[in-house]
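Chemist: I'd like to ask you about the structure that follows.
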Amino acid sequence: MSSRESASRRPDPLRVTIMQSPSAFSLTIGGHGVATSDYLPVLNPATRQPIGQCPVASEEHVEQARAAAGDAFAVWRQVPYGKRCEQLQALAGILEAHLDELAQLLTHEQGKPLADARGELAGAIAFCQCAGSLPLPEVVHEQSATRLSKTVREPLGVVVAIVPWNYPVSIAFVKPDRRVGCRKHADSQAGADHAADYLRIGELIRDALPAGVINVLAGNDDLGPWLTGHADVAKISFTGSSVTGRHVARSAAADLKRLTLELGGNDAAVVMADSLSDAVVERVFWSAFTNAGQICMATKRLYIHESIYEAFRDKLVAYAQNVVIGDGSQPGVTMGPLQNAKQFAKVMSLIDAVRQRGGRLIECGQMRGGDGYFLPITFVDLPDESAPEVVEEAFGPLLPLLKFRDVDEVIERVNAARTGWLAASGVVIGRSAHGLQQPSTRSVWSTTGCDHAVYSFGGMKASGYGAESGLEGLLEFTTQKTVIIQQQ
């Protein structure tokens, strides 16, 4: 079978070979491992074979976790802030000590190449270290011999953190763990497809923090509503699709819970006329196709200046032809499969729509995949601005290539998206100041990326609200308290 035939073949989601006795993971509630009566298989997307069994939490488990978190909060909030930071730093040490094991498990359950899995673990470690070193701001308004007034920050209480399948480990640790958390590791669509690594981390950190400070749950579609609708939850931090985010927001509104939503994006990169270089081509390529394009802040629309369009496109295609697509655990593979059958079907439907209307598809890459959810790197050459692959977030290895003439025009087209995550610009920084801050997005990058844990990020418009990471992300998990003391 040719690589092209292999790339175009749709895997049958019903044809799954069951391995002998895959290991079962357990929930973490109140510092203890908890088994369940029901389990779902965790599939390796490169082979579609089980690598383990995911426990399915019941409503009773949710109540147990909520009670454990509430009891822990009463004690944990009294621990000095500096001591809490030290314990968070200790989590980074645990991740470092088990990095190889966790990276291999992450590759097997998520699909990304092993080097990228190690990078995700390194990111989680950096987030722990960063959050464990951030000072909580305290503002003194008035201080005299007779009067003191100040504003301090205190932890909110029990938090539900909902983690997605594309970066389940790093995003889990973006959500500051120094606050008491009822941590849920399950997507409201299919929690079993990404729970293994974080369930394993839950097992590793049970003795690192007081019982109940972090509880790790996984399950099916029922788990999300049970957690987000619970009256004793003070805050929800959700990372996932805009569609599910709206459901979470409605659930939070019933009790006026604090809410952070990090949702989908249809991010654009802009390549100016002075950027026809191999370095820019490589940078733009990986901004779109890292993790097979399954990143909220990945480039999903590429605007290229008309004067270099054909030359830049051809360089991009030539670079893509050398990318090896296959099982991320194998040497030499630099791009893995789609993570699950649902996402595979979504991207295939967008590609099929281009074919049906007679659009030009350019398929690239060296396919070494088997029965997994593999797709070739696919460019759409000059689609209409209203085409589905331009308007919708593909969240896969599909990238529309578009022309533009001037900066004002392209900024208007970038801003036409309903989402507002990121705008990236492949231009020389010294010549890009004009217009750089005009995109209606929460982040703008110019020939660089978000490469430090201290930076905060988030969305606007349909990409959500609130902040993750950095000081701004930390403050999302706190509430202000103004203290006024009249001294005698």
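Glycine too: its Cβ is placed from the backbone N, Cα and C atoms.
Taken from Swiss-Prot, the feature active site applies to Glu262, Cys296. The NAD(+) binding site annotation in Swiss-Prot covers Gly240, Ser241, Ser242, Val243, Thr244, Gly245 and rests on similarity to another entry.
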Chemist: By Cβ count within 10 Å, point out the most packed of the recorded positions listed: Val243, Cys296.
Modeler: Cys296
Chemist: Using Cα coordinates, what distance in whole Å links Val243 (NAD(+) binding site) and Cys296 (active site)?
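Modeler: Approximately 14 Å lies between the Cα of Val243 (NAD(+) binding site) and that of Cys296 (active site).
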Chemist: Whole-number Å only: compute the distance from the Cα of Gly240 (NAD(+) binding site) to the Cα of Cys296 (active site).
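Modeler: A Cα-Cα distance of 9 Å.
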Chemist: What subset of the binding-site residues Ser241, Thr244, Gly245 lies within 10 angstroms of Cys296 (active site) at the C-alpha level?
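Modeler: Within 10 Å Cα-Cα: Ser241.
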Chemist: Applying a 10 Å Cβ distance cut-off over all chains shown, what neighbour count does Gly245 (NAD(+) binding site) have?
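Modeler: Result for Gly245 (NAD(+) binding site): 24 neighbouring Cβ atoms inside 10 Å.
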Chemist: Whose Cβ lies within 8 Å of the mean position of the Cβ atoms of Gly240, Ser241, Ser242, Val243, Thr244, Gly245, the NAD(+) site, other than those residues?
Modeler: Phe238, Arg246, His247, Val248, Leu263, Gly264
Chemist: Which residues of the same chain, at least 6 positions away in sequence, have a Cβ lying under 8 Å from the Cβ of Ser241 (NAD(+) binding site)?
Modeler: Leu263, Gly264
Chemist: What does DSSP call Ser241 (NAD(+) binding site) in the simple three-state scheme?
Modeler: coil
Chemist: Where does Glu262 (active site) sit in the DSSP three-state scheme?
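Modeler: Looking at the DSSP assignment, Glu262 (active site) belongs to a strand.
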Chemist: Would you mind reading off the Cα separation of Gly245 (NAD(+) binding site) from Glu262 (active site), to the nearest angstrom?
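Modeler: For Gly245 (NAD(+) binding site) versus Glu262 (active site), the Cα atoms are 8 Å apart.
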Chemist: What's the CA to CA span in angstrom from Ser242 (NAD(+) binding site) over to Glu262 (active site)?
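Modeler: Ser242 (NAD(+) binding site) to Glu262 (active site), Cα-Cα distance: 8 Å.
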Chemist: Expressed to the nearest Å, what is the distance separating Thr244 (NAD(+) binding site) and Glu262 (active site) at their Cα atoms?
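Modeler: Given the Cα positions, Thr244 (NAD(+) binding site) is 11 Å from Glu262 (active site).
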Chemist: Rank the recorded positions Ser242, Glu262 by how many other Cβ atoms lie within 10 Å of each Cβ and give me the one with the fewest.
Modeler: Ser242
Chemist: Looking only at DSSP and grouping its letters into three states, which state does Cys296 (active site) belong to?
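Modeler: Cys296 (active site) sits in coil per DSSP, no helix or strand.
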